[in-house]
Amino acid sequence: MDNSAPDSLSRSETAVTYDSPYPLYAMAFSSLRSSSGHRIAVGSFLEDYNNRIDILSFDSDSMTVKPLPNLSFEHPYPPTKLMFSPPSLRRPSSGDLLASSGDFLRLWEINEDSSTVEPISVLNNSKTSEFCAPLTSFDWNDVEPKRLGTCSIDTTCTIWDIEKSVVETQLIAHDKEVHDIAWGEARVFASVSADGSVRIFDLRDKEHSTIIYESPQPDTPLLRLAWNKQDLRYMATILMDSNKVVILDIRSPTMPVAELERHQASVNAIAWAPQSCKHICSGGDDTQALIWELPTVAGPNGIDPMSVYSAGSEINQLQWSSSQPDWIGIAFANKMQLLRV
């Protein structure tokens, strides 16, 4: 980055960098615009009980990111995922609702007017108070925003009604740890697991699931899942220690429609464009964030990315802002970088 600016910030024409005091992993964009700009939440990744969530304010006109110190708060263990409530969630207060996963699913109200963060609920479905199976991820249903699904190392997916703070249903989803979950429709979600499968579930028929993909090598874990919100026929997944992004069409199970193989090391994160059905971004250990445009048919030599961005070190996290679709956020080491696309 060519010039530095105040507030732990450096910027160029197309990127803004925020330097955190600690390594970062979880990250989320708010769909609400506040008086100070667009809010971004980032979570620390410290091998310790005491971790933090910081709320940042991003002004795209002035290309500045500022921490909001009054809205920084402690979090038990590193949050495995952060999400702000979808815009479809109607709430009486003007504050933002933020969800985090780790030991439990937690809901927080971020109120910038009063500079407060209020813990709203801690949701735990464990029958024994001494034990909790860590949550690896969760997804907020934007069609039915009272519904939030979590996944855990104990092979289950749990669907919560967050308005009533009760479990709607809990399913044994896989044979091994469940690593990620994504909603497609109001009652349909999918998950990926260390057992190497992508499975789709319908809450109207809980006894059955559809396996739409399995790792080519048995038991190669699948780490992440992204469902294309602009075209629900397509989803993407990544395999452990693999440089591939696998694109699936749920109408033709088992065979990927495309495999994106231009990363030089393992892929860690994927995100579909919020405003286009054809674009997806991936980030990996090769320090690169690649944006792909998916053609109808891949050529004989595969698909090349339409744009390449190099970060300072391995990219651990990536989010594409739905409220500002010109911006992608990536996290690497102790930095959160916003890229204009």
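Cβ coordinates are placed from backbone N, Cα and C, and glycine is handled just like the others.
Annotated N-acetylmethionine per Swiss-Prot: Met1, in sequence order.
Per Swiss-Prot, repeat 'WD 1' is recorded for 74-118. Taken through DSSP, the repeat 'WD 1' (74-118) splits into 0 helix, 23 strand, 22 coil.
Look at Swiss-Prot and you will find 130-170 tagged as repeat 'WD 2'. Outside the repeat 'WD 2' (130-170), and at least 6 residues removed from its termini, the chain residues within Cβ reach (under 8 Å) are 77, 80-81, 83, 85-89, 99, 101-105, 107, 121, 123-124, 176-183, 185-187, 189, 191, 193, 201, 203, 206, 229.
Annotated repeat 'WD 3' per Swiss-Prot: 173-211, in sequence order. Confidence in the repeat 'WD 3' (173-211), given as mean pLDDT, stands at 97.
The feature repeat 'WD 4' is assigned by Swiss-Prot to 262-302.
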